[in-house]
Amino acid sequence: MLRALWTVSALELRTRLRDGTAIVIAVIVPVTLATLFGLALGGDDPPLKATVGFVDLDGGEFPASVRREVMAAKELKGSVTLRDLPSREQAGRELESGAIGSAIVFPAGFSESVGAGKGGDVAVLKTPESPLAGVVASAIVDRISAVVDARTLAVRAVLRAGVPGDQVKELVERNGAAGPAIGLADDPLAGGKIDLSVYYGSGMAALFAFFVVGASFRGLLTERKLGTLDRIRAAPVAAWVPVAGKAAVGFALAVAGALLNWGASVLIFGSTWGDPAAVTVVLVAHVLAAAAITMLVTSRVRTDAQADGAIMIVSFVAAFFGGSLVPVYNLPGPLQAVALLTPNGWTSKALTELAGSGAGLAAVALPVGVLCAIALTAGGLAVLGFRKGLLL
Amino acid sequence: MTTLETASAPATTTTPALACRGLRKRYGDVVAVQDVGFAIAPGQAYGLLGPNGAGKTTTISMLVGLLRPDSGTVLVGGTDLAADPTRAKAKIGYVPQEIALYPELTGRENLRFFGRLFGLPRRRLAARIDEVLDLIGLTDRADTKLGTYSGGMKRRINIGAALLHRPEVLILDEPTVGVDPQSRKAILDGVERLVGEGMALLYTSHYMEEIERVCERAAIIDHGRIIADGTRRELVSLVGTADKVELVLDGDVETAFAKLRAVEGVVEAARTGASSVRLIAEGGRYLLPALITAVEGSATVTATQVIEPDLEATFLHLTGSTLRD
């Protein structure tokens, strides 16, 4: 019986490779789309490099403290460069020439004003050409504002309590409202931080896996129309041979396609999908689930044209709600829950986990388990459907 | 059923190549096949006749294992198809009504694919493909794609694919539909040769002359039941032995027609034109001299035609001439 299985599989493989559809659907289209999506919508986040002008017209303790903190912040090391500038006008010229991306301007008397509990204004100069530098400068100033507010409040409270003016500074500093402490906390995106090239690469791989395996099952209906399926069934072979022969080829092509998508993503964008073994297991589990679902769809339709339409609808619905086309964290809350009803959602979740954290196989045990369960359930229902039409 | 008890399978001690009994298949309220049964001995050609929708294809589908009967048994060379389908199917060569081949493959590749499904070893298969290509006369076109073949050539490959494993019984479902006379002759010659070599044959066709030429026995199936079964002579005898005699007269046709009706043996007479009459007469071919003598004095017979009863007449007699589907 294995010989018959091999015979059917060999013909299917040969047919798919000969007409070119396998390579186009499994590799060329998904890699092209993933590349276009990656280039258009992100790819790797550009490296954070910002030169921020620093204009200290105050000359007091507060600006000095801010400079010290920024230079010492680990998160900004190698990313943010402070350039001292003598005046606001100079900062404006430097900004216009592109020499700096933004500037922070401490006005004269700033430290004294804050020390007296009167607060103070720090100016931020930005340009649309350097949005990242603007964001950095604004973030620093936001942090300064918080510290200034806290210090102003503390000073006022101390003064209101009747403490003599010459003792206010000492008292406030002793009680922890001394000066700025610039902190840049890691603030990952909800759902895990992931390179967009990984996201779209895996999304396209997940979507096109449906089409690749679906084409094989659709072929069963074409063969039924052609009469060759009956002819195979009239031969001394088990009833499952035609289905299994085509399924094996569709599965192998879809896995190969997904792996090539992964490779292309690495080559084109230099992205990292995570632990290779775990990524492979996730991709194989996804293809299994996609194969079972398309087999189920095929078992419930009558013609190959119906199969085409049904497989396309199922594939795109699963891709959209499962985050293969739009990142799951960009979807509204209820739709994020719906994502977990699709194999694409679990695949996306698993690959995001792997790419974002560098975790191994254990971290994706649940998604892989769910994908296998989907494969078993859909596959079982498909076999029942096939028994009524294509097997017996 | 108009079954002729005398027309049962010839007495033989050999196991029938194909035997079925009590086959029944229903789809919802429609009974497609009911109590169908017959046996075909090795080297015997058996025809299955029936109008469209009579149950021929359903019967064949059950015989080759494509359809599971609701009841009844199928034995192929003594092997129960339901109990051991793999072994039973290995003895059958099935040629479906449609061209069931891969158009993107060559003729040889098509034969190789189906030969492998029957488990033929590579070397033996290659030799057998050459033999079959020679048998069906397509050796010189073997390596061109099937899509470029004519209808007749495809039909021949369609048959060839069923012969590779030397089946004990060949089942041909309307194998000559849409082919030119040359291909049809080649197909029938080949089929006769195979039967002569001892292969059992089940043959369905709408062409009565093919059944008459190829099959020594036939069954007529209608509304899912076999309504007649026997040799050609036995089937034809079901509509009687009366011949149809057509005469063209010159003279007083009216008087001559009255005289002809009175001739002993004439059971039915009708005017078919101003100078022509049609008679149904027992042993009409022997009655011609008496008919010519009877009209003397009134008219002269200028042309005659005697039509003996045939399978088609029997078929129409048993199944009616109402159009189906």
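Placed from the backbone N, Cα and C atoms, the Cβ positions cover glycine too.
Per TrEMBL, the features are as follows:
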- A:21-41: transmembrane segment (TRANSMEM)
- A:23-384: domain 'ABC-2 type transporter transmembrane' (DOMAIN)
- A:198-217: transmembrane segment (TRANSMEM)
- A:237-264: transmembrane segment (TRANSMEM)
- A:276-297: transmembrane segment (TRANSMEM)
- A:309-329: transmembrane segment (TRANSMEM)
- A:361-386: transmembrane segment (TRANSMEM)
Which listed stretch (A:21-41, A:198-217, A:276-297, A:309-329) has the most C-beta pairs under 8 A with the transmembrane segment (A:361-386)?
A:276-297
In the same chain, which residue numbers or ranges, 6 or more beyond the ends of the transmembrane segment (A:276-297), come under 8 angstroms Cβ to Cβ?
205-206, 209-210, 213-214, 217, 243, 247, 250-251, 254-255, 258-259, 262, 307, 310-311, 314-315, 318, 343-344, 346-347, 350-351, 354, 359-361, 363-364, 367-368, 371-372, 374-379, 381-382, 385-386
Do the transmembrane segment (A:237-264) and the transmembrane segment (A:21-41) come together with 3 or more C-beta pairs under 8 Å, pairs six or more apart in sequence?
yes
Determine which residues of the chain contact the transmembrane segment (A:21-41) at the Cβ level, with the cut-off under 8 Å and only residues 6 or more beyond its ends counted.
196-197, 200-201, 203-205, 207-208, 211-212, 215, 253-254, 256-257, 260-261, 264-265, 268-269
